[in-house]
Protein chains: 2
Amino acid sequence: MKILRLLRFQELTYNQKEKRLAASIKLIVGSKPLNLSLYKLALKHVSVAKETKSGIKISNERLEYLGDAVLGTVVAEYLFMKFPYRDEGFLTETRSRIVNREALNAVGQKMGLPKLVEAEMEGKIPFSFKSLYGDMLEALIGAIYLDRGYGFCKKFIYKRLIIPYFDLDDIIKTTANFKSKIIEWSQKDNKEIDFVLKSVSGSQRFKEFVIELNIDGETVGEGKGPTKKKAEQEAARMACEKLQLVF
Amino acid sequence: MKILRLLRFQELTYNQKEKRLAASIKLIVGSKPLNLSLYKLALKHVSVAKETKSGIKISNERLEYLGDAVLGTVVAEYLFMKFPYRDEGFLTETRSRIVNREALNAVGQKMGLPKLVEAEMEGKIPFSFKSLYGDMLEALIGAIYLDRGYGFCKKFIYKRLIIPYFDLDDIIKTTANFKSKIIEWSQKDNKEIDFVLKSVSGSQRFKEFVIELNIDGETVGEGKGPTKKKAEQEAARMACEKLQLVF
């Protein structure tokens, strides 16, 4: 079936609007769509979706659910390969800095999704909806995955999403070092901070450290972990949240 | 490179223990490993990992991070295809009933991971660690993904994980109907429940409903959503959590 689609007989049946859409998608994705209806669906925000007789709203939300998962996996692998010596905590944290609403929304806009939507919806854009382009980007990834398979989709995400739009050096500089953030803050604000080891449990082989973080004598965070370092990070993270320290 | 590995020259260098491990993995995965070291790593729980000179613990945690993502995507697609008329809320909820610690832990045990670990660790199993086999199953999926690629890994998850171990009919019967759960509970406990529409905002095209759930006059949940039904579900979900109603 994919072979037949690769031959692109479908294109012969495109109307003017569909031809323009296919051309725009080629610019964004890097290759002509095989199944254009998937991309049309990806651009269909729930706010413009019509309800069918049976009460189902056909919108891009299902594709968004799928694309979100695919994007998560591809970014997970990208970081896994790029940072062979970093632990899973670092990888998870770094991934969440790439795969989050605000970042994806900004990227969706830079990629040119607004123009695509304008053309497709003929002006009726639900501007009020905040993460519109982030959601749509995920739906687009879902459509690419179904249209072209995992390998193609992975290349798309690497080459046209992560590499051009994310400065990893910049992202990892600010990633996850909650302890140093707290120390920096305490020095500036002249606070006394103290990481206190409360307990160590477990066997010799598998230990669990519990560490409390006190600021000027008051406990503001507690962390558990298999190493002191991780427990401290956890306690510092909790404190950063409580104190609303932003990175 | 994969071609060379497919020719399996590596096997000639296996010692007795490695031969046994490769055979056991073939039983579980359905095919001999190409790169055995990935599977060895997948079985290395952090509690038995040794620290290297540079202070890095080589354990299965990184593979677990990767496998968790791959599993999430494969299950997402499986449900996407199986339920073409269900919305993303249903799909997300159903997925979380498959991809969760307890379920995966049980499946990992049924699949025969304990025997594999026993052989590999020569008895030194960290029994104290609760989700050991669920974590290990995710790490195994990460190893299969790296060893054999996405397509193979997807087939493994479909055929040897979802289909044999999860009764989807049973799972969806109890999925996500928080509203009916609350109603059922109220009838049994003779409580009066009331879903109150508090506000509708947004444009004609994109509405947001806010619904409050009162039980015997007291507000126990509030939900927002693009339809009344979703807002009610959300409110009922919050109430179920507060009341600690278990499914």
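Yeah, the Cβs are placed from backbone N, Cα and C, and that goes for glycine too.
Automatic prediction, not curation, is the source of TrEMBL annotations.
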Quick one: which of A:E64, A:E77, A:E192, A:E208 does TrEMBL put in the Mg(2+) site with A:D135, A:E138?
A:E64
Treating G and I as helix alongside H, and B as strand alongside E, what does DSSP give for the domain 'DRBM' (A:177-245) in helix, strand and coil?
27 helix, 27 strand, 15 coil
Under 8 Å, Cβ to Cβ, against chain B: pull out the ones among the recorded positions A:E64, A:D135, A:E138 that qualify, in sequence order.
A:E64
Across the whole of the domain 'RNase III' (A:14-149), what does the mean pLDDT come to? Round it, please.
89
Other Cβ atoms within 10 Å is the metric here; tell me which of the recorded positions A:E64, A:D68, A:D135, A:E138 scores highest.
A:E138
A:E64, A:D135, A:E138 excluded, remaining Cβ within 8 Å of their centroid (Mg(2+)):
A:N60, A:E61, A:L63, A:Y65, A:G67, A:D68, A:G134, A:M136, A:L137, A:A139, A:G142
